Number of protein chains: 2
Amino acid sequence: MSRRELVVLGTSSAVPTRDRAHPGAVLLWDDEVVLLDPGEGTQRQLTLAGVSAASVTRICLTHLHGDHCLGLPGVLQRRLHDGTTAPVDLYYPAAGQAYVDRLRRSTATAVLPEVREHPVTVGGPEPEVVDRWGGLRLLAAPLDHRVPALGWRVQEDDGVRLLPERLAARGLAGPAVGRLVRDGSVTTPHGVVRLDEVSTPRPGQAFAFVMDTRVCDGVAALARGVDLLVTESTYLADEAELAERYAHLTADQAGRLASDAGARRLVLMHFSARHPGTDVFALEAGRHHGDVHAARDLDRVPLPPRR
Amino acid sequence: MSRRELVVLGTSSAVPTRDRAHPGAVLLWDDEVVLLDPGEGTQRQLTLAGVSAASVTRICLTHLHGDHCLGLPGVLQRRLHDGTTAPVDLYYPAAGQAYVDRLRRSTATAVLPEVREHPVTVGGPEPEVVDRWGGLRLLAAPLDHRVPALGWRVQEDDGVRLLPERLAARGLAGPAVGRLVRDGSVTTPHGVVRLDEVSTPRPGQAFAFVMDTRVCDGVAALARGVDLLVTESTYLADEAELAERYAHLTADQAGRLASDAGARRLVLMHFSARHPGTDVFALEAGRHHGDVHAARDLDRVPLPPRR
């Protein structure tokens, strides 16, 4: 069975609290383990979450503010410590290159962990493909924060759902089905069968991760039709002025944009320390959207079942 | 009443565990708040310990391995976040300057926190005075680790304990006593009174902090006669070969050196993740020393009462 779920590592914003570690999350997607915004303490939160640093395959940074990246050196060093010499792919806004350089060389390690750097520059708000592996694409779009910032989207390629009754009616079974899926058609004793005759389209699943930002077109484009949308939610509606000034979202805005974008499930994190509880965030966003989860540290939230 | 105690922030070695955060400790000494080896997560551990980052007056690093310094950027940024613009004094091995530079500039902060840098170079094993404030001296001596490392000692100046009966016998009271202490003598209607005639010497209290090292002369000199000695204790006696190879102490060695140095109280931390319990470390060091405390995260250990 495929494993597609979000593991929340930390849910604070800049200031951690007794109950909230600095931001961080892991997307488990089949064999991929994508670490998103490793804030300070991520190495230990991974331990608490039962996810090994060595298992991480890719790391995405939305931006280079400390609460979103200070856990990077520890995670990289821990991989070495655990005996992993496999390089990890690191994606980040190209404008943050100098900080990435310093973070990677910030301590007196004998061996520098191997990293494949992917500095990313994007144009307009429409998400652009940054990388591609297996049946997945990684896309990025600009956020509107106080420093250059990117939101991330993991997009599964569209596929098909085979219809067993139609396959049977055309006498198709076994290896012929594999060839049909691979080649788009297959020749049988009764003639050519096209894939679309025995299947219906199966849209790929999608996930988006949006941290520090104002409401902007990039967020809307990233969130469009995703199965799981994770957004920051630093403030509440009555703090909209603070949100605007510091370039953050309110829970109200997050719920509204998830609803407008047709995102199926919304996970909120990155909460201001001024609000010790999380229910207030869920309630506010829930006025606009029916499936809102205000995350606590170490929560696991699955992608909803395929449509 | 003077407040002189150690606040333990984290007790792991390189690998944190469910119960142990990365190393870190605070020495509360009257008005001074000295942060020692801020490992990753120190900012949050300070919150859990009830010590504000803004209250920190000085920071000492033993060396620039990640588990001893990756919490530095977060602590500095948190001070700004809490509205403190007061500079903090930072002491570290001069050989680690490049890492300090990168740590201080590792994230996209709008304002760089103010730091007074004190790169320290020492000669032989005898502790050298690095700084001096109030009635205290900060001293450093070399450790024997895989990278340049320093142990730290906070030393109170020797003073005197006034003897009330002798003061009364010489007719001394009020402001005259203040002058006597300040000047060493005072003239009364009955003649000159010297301070040593109406007091006994009061040796200054002392504290030493020794992290990653093999047994060496620097450790012995730092620990000599201190009231409270904190040492790493990564391994147990039956792992002496590992300790030697990776340049660490066993609990047995720590207990022995505390005893040989006449340290009054020994606190152990920096434990290998292979030993989930702490009692084994206390028991082993306790074979050599009568006042051993194997620390748990967030423990507070006072300096023993003055002799």
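A Cβ is built for glycine as well, from the same backbone N, Cα and C atoms used for every other residue.
TrEMBL: automatically predicted annotations, no manual curation.
Among the candidates B:HIS118, B:HIS145, B:HIS275, the one that TrEMBL lists alongside B:HIS63, B:HIS65, B:ASP212 as binding Zn(2+) 1 is B:HIS145. Among the candidates B:HIS190, B:HIS270, B:HIS288, the residue that TrEMBL names alongside B:ASP67, B:HIS68, B:ASP212 for the Zn(2+) 2 site is B:HIS270.
Cβ environment of B:HIS145 (Zn(2+) 1 binding site): B:HIS63, B:ASP212, B:THR213, B:ARG214, B:ALA247 lie under 8 Å away, each six or more residues apart in the same chain. The Cβ centroid of B:ASP67, B:HIS68, B:ASP212, B:HIS270 marks the Zn(2+) 2 site; residues of that chain outside this set whose Cβ lies within 8 Å of it are B:SER13, B:ALA14, B:PRO23, B:ASP37, B:GLY39, B:THR62, B:HIS63, B:HIS65, B:MET211, B:GLU232, given in sequence order.
A straight line from the CA of B:HIS270 (Zn(2+) 2 binding site) to the CA of B:HIS65 (Zn(2+) 1 binding site) spans 13 Å. Helix, strand and coil counts from DSSP across the domain 'Metallo-beta-lactamase' (B:202-271) read 28 helix, 19 strand, 23 coil. A distance below 8 A between C-beta atoms marks B:HIS63, B:HIS65 as the binding-site residues from B:HIS63, B:HIS65, B:HIS145, B:ASP212, B:HIS270 lying next to chain A. The most crowded of the binding-site residues listed here (B:HIS63, B:HIS65, B:HIS68) is B:HIS68, judged by how many other CB atoms sit within 10 Å of its own CB.
In the predicted model, the domain 'Metallo-beta-lactamase' (B:30-145) has a mean pLDDT of 96. Across the domain 'Metallo-beta-lactamase' (B:30-145), DSSP classifies residues as 36 helix, 33 strand, 47 coil.
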